[in-house]
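> First the structure, which I've put down as structure tokens, then a few questions once you've had a look.
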Amino acid sequence: MKFFVALALFACLGSLALAKDDEYCQNTVITACSTSAFSGNSICNARFAGIDHIEPEIQSYINANLAKSYDYLLLATHFNSFQKNRPGFQKLYQGLSDRSFEDSIALIKQVTRRGGIVDFNTRHESAGSVSTKRGTLEVDELHSLALALDTEKQLATGATHVHSRATHATDAERDPELAHYFEENFLGKQAESVRKLSGYANDLAKLMKVPDPSLSVYLFDEYLQKQ
């Protein structure tokens, strides 16, 4: 009699274990890994921790970097024209454009490394999203520095938002690996960029407090070429 009771108990526990085992790849490896990873049904993927909750925020930040890269490229083209002829400013904004584009590529690689999918057909807006609205880019030298400073502050705030989202979320949504990635690759770099551009804007503003600031702007452009 004890044998049959033990057998029934074992069968009951086995059925409960099978229901929970569906969460693990090792228990359903043949059927799970034969399904498409892009269908959302496969559990044999690289997704873990809070990637499901932070992925939309990173997607938004990727879109913002691509948009700002294009804005910087337009600024660089504006100052490279024969009318403006400011090679120093052109160099500055071309560098910022290349950096934002490279950051986008690096983030795309990071998301896919973690099992995510980057979809440029979707738009995610949140409290910390970076605005991608484009204003007037045909501006003078001083106002272009102010515009670039505002842009860098937006990107710095966006990176801080993603880092905070990955760090201060609930246990299910927290993602220390992504938080570390943003801390290592974005937070310090964006802070340094904000500091540099704020210094440029203040220096040029002081140099232009003369009746004819054309020489001041020319000398500042020469300075930027050497940076």
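Including glycine, each Cβ sits where the backbone N, Cα and C put it.
Residues or ranges marked as Fe cation binding site by TrEMBL: Glu152, Gln190. The domain 'Ferritin-like diiron' feature in TrEMBL is assigned to 48-208. The signal peptide annotation in TrEMBL covers 1-19.
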> Measure the Cβ-based neighbour count of Glu152 (Fe cation binding site), defined as the other Cβ atoms within 10 Å of its Cβ.
23
> Neighbour count, 10 Å Cβ-Cβ cut-off, for Gln190 (Fe cation binding site): what number do you get?
21
> Give, as a single whole number between 0 and 100, the mean pLDDT over the domain 'Ferritin-like diiron' (48-208).
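Taking every residue of the domain 'Ferritin-like diiron' (48-208) together, the mean pLDDT is 91.
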